[in-house]
Amino acid sequence: MGFSSSSRRSRVASVLQLCLCMLLCRVQGGSSHGQPLEEGINTLVPAPSCSARDSLDKDFHPDCWDQPTKTITAKRDPSSYELYIVYLGEVKHGHPNHVVASHHDMLTTLLGSKEESMASVAYNYKHGFSGFAAMLTPEQAKQLAEVPEVISVEKNKIHTTATTRSWDFLGLNYQMTSTSNGLLKGSKYGEDVIIGVVDTGIWPESRSFSDEGYGPIPSRWKGKCQLGPDWGSNNCSRKIIGARFYTAGVSDMLLKMDTLSPRDNNGHGTHCASTAAGSIVEAASFNGLAEGVARGGAPRARIAVYKSGWGSGSFSIASVLAAIDDAIHDGVDVLSLSITGEEQLAFGALHAVQKGITVVYIAGNDGPRPQTVVNISPWVITVAASKVDRSFPTVITLGNKQQIVGQSLYYQAKNSSGSSFAGLLVGAGCTADRLNGTDVRGIILFCLPLKDDAGTPVSTFDYASQYVRSGGGCGLIFAQYTTDLLTMTASVACQGIACVLVDLDTGEKIRKYGGVAGSSAVAKIEPAHIVAGKEIPGPKVAAFSSRGPSRHYPDIIKPDIAAPGANILAAVGNSYEFKDGTSMAAPHVSGIVALLKAEHPHWSPAAIKSAIMTTAV
């Protein structure tokens, strides 16, 4: 919740209008797009005493590596305090320390002592914009909102994440000699462009982050490598040139599930980083499926990691804003954020754009319903998810010798039917109350969702697959409105069994067969194979991708662009996995932004956005 004399929506609209005005005024007053990025940053902070780079050796100066941050806890009843984000606009002081001092002066007046002020602050936003995140009572937040210098006071929110062939499909084949790879060659594969990835961290040992053959870190880089459990100075390199993590506003339960360092235990951040800027890796595959060359859009770009997502992918907006503020200071060229955030992140992105940083966001995963798009600020690139020209057909043979085709990432046959027929049980809905102890040992369960649960296919699929696996079944055929969410068939719940998706029309054919055959119904499921090329229609917007227009600001046309986001293979840990989502689409665009930035270093974020939107097919 926010505080002002008007409604929350009016307050948000005012902030967005103010942000847009600030952007326009900056353009009218003279752009800094023609200047090197570091010059804009040098006006805010002095030159560092040491640098996380070395032209001769990858073991950098030890004094440059930061130790883990310490947590300061206020001596008061925590139950009455919550984390609030206070936005003050542009930085009005020449040095970050002076910005921080002004924040504490403001809070000291409110709270009564400097000690209380120091204890309450979680983050000071002091580089790209001015503001702070602090633990306050609702009454204190209301009082702070009345201070003339304060633009907005909003309660912190928790948001979530929205995940080989794709680059060939986009015409960026690094092995080709035709003009189709002109952007790759012209940009030297994105060499020395710095992509900041705000996500769940990174797995540095992945082959996708090898720094073999890389030169020294760009001299303009001012970031750091923050140490923590399972993360030492050797985990940063000439590829991963910086790493930070942020914990404020995140529950203790989520933090205990994770590692308090930049290391990625989720996989989402690693997948996104390798999609945008992964080094070239030969013979990457998911258990033999989709084998080929894995690489990011800008395989020679550098990566800066800002871990603000924890556990299963929960992001504190206060932490994300701190990451954006640090990224502005550090000197990134591109910011890739595969998270939702809406208006609370709008001003942080605006200030990054003002500093010449192109910001790429996701459109969200709430399609195909209209007016579900998120991250609609006009100064960012909002990315929808599309399908590429690759399919994973899986042949299902029924007892009447009828063959139908589903979609699956099924590759193993531990308990599956394999080349043998197994009993086929036709279930209605396959929810807990309908299965209700049904014996599935040695059989394939077919689920055709009923009208009342057709709107929640993912949750029903998860339950059904777990039920089959734990009950000793050998397969699951699941009918739903779309087969775009194919990675469900490779989830933990499907390990050891054959999980296949079919559309509703195909599902109806299976239902009719089961109705005729009754208890003698049988089926067998073959492992998936790959079909790619012109016979597979693409691009096509994925069913799950959020649609416009914006519910709150219909005059802002969003999403801006669509990129591959269905069944994307990229690094997770030391292996490679498929993921779906606009989370996977956004880093595709971030990689292309990096290529354009490398070839046209003086282009503004608006010019880069325009070039991408006006040349897309």
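Glycine is treated like the rest: Cβ placed from N, Cα and C.
Database features, via TrEMBL:
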ACT_SITE  ASP199  active site, charge relay system
ACT_SITE  HIS268  active site, charge relay system
ACT_SITE  SER583  active site, charge relay system
DOMAIN    84-160  domain 'Inhibitor I9'
DOMAIN    190-616  domain 'Peptidase S8/S53'
SIGNAL    1-29  signal peptide
SER583 (active site, charge relay system), number of other Cβ atoms within 10 Å: 31
ASP199 (active site, charge relay system), number of other Cβ atoms within 10 Å: 30
ASP199 (active site, charge relay system) to HIS268 (active site, charge relay system) - Cα separation in whole Å: 7
C-beta crowding around HIS268 (active site, charge relay system), within 10 angstroms: 25
Between HIS268 (active site, charge relay system) and SER583 (active site, charge relay system): CA-CA distance (Å): 8
Averaged pLDDT score, the domain 'Peptidase S8/S53' (190-616): 90
